[in-house]
Amino acid sequence: MTRIFFNQQYPTLVDISQRWQLEFDKEAEFELKFEQNQLSLHKRDEPKLDGIVVDFISGAVAHRRKFGGGRGQSIAKAVGLKQGVTPTVVDGTAGLGRDAFVLASLGCKVIMVERHPVVAALLEDGLRRAYDDAEIGAWMTERMSLFPGSSLEALAKITDAVDVVYLDPMYPHRDKSALVKKEMRVFQSLVGADLDADGLLTPAMTLATKRVVVKRPDYAEDLDGIKPSMVIATKKNRFDVYIKAAMK
């Protein structure tokens, strides 16, 4: 079980801890709080850091949904979004769900897979609020769902027809920007790097009927040492695309 600190007098937090099999530990490095109708994760020895929340309604993700370039974005091109083609996507390494949300906002049905129970709890809480939102709730309910568990398990268990598997394994970041530093510091100390990421490509290729997309920092080697069919480069990252069949 994952150890976490939380206020045991708060029924909502007790329910969440039981649901995700989180074990209370007064010495734990991380704390879960439930305030203003949202679940947040805090690093206890860095109280000045804001809590990490999954928020699909406001902030950076909402701004990107409204002004982020639509289907012209690199991620949209990578998964094969085009006129008349809106693929079903499994995001095998969901994290805070930002890339999954971008794809869902562009029309894709997205199944998010997340193996760390604390991160999955944050995702579930973000989905709960998004499903209830007047502006995005209807299409979020239709398009975005969560499959808790490891990618290796999920890729074997998911029975839906899946066009694309999207992978963004946690990789040691060099970026020194404040946001990346904050979130990656907290995240990497919580979940660690995805040391088994190389093992994801083969099951992903088995599940995807059309393609597998792997997001990598520009300095990272190819996943599992396998050269992609094509690469879409951005300023700091790249999307390695492994094509099985044409998008149609």
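Heads up, the Cβ atoms here are built off N, Cα and C, so glycines get one too.
What Swiss-Prot lists as S-adenosyl-L-methionine binding site is Arg98, Asp99, Glu114, Arg115, Ser150, Ser151, Asp168, and the listing cites sequence analysis.
Feature map: Swiss-Prot annotations on the structure.
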residue : record                               : Cβ neighbours (10 Å)
Arg98   : S-adenosyl-L-methionine binding site : 17
Asp99   : S-adenosyl-L-methionine binding site : 22
Glu114  : S-adenosyl-L-methionine binding site : 28
Arg115  : S-adenosyl-L-methionine binding site : 19
Ser150  : S-adenosyl-L-methionine binding site : 15
Ser151  : S-adenosyl-L-methionine binding site : 27
Asp168  : S-adenosyl-L-methionine binding site : 22
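Residues Arg98, Asp99, Glu114, Arg115, Ser150, Ser151, Asp168, recorded as binding S-adenosyl-L-methionine, reach a greatest CA to CA spacing of 18 Å.
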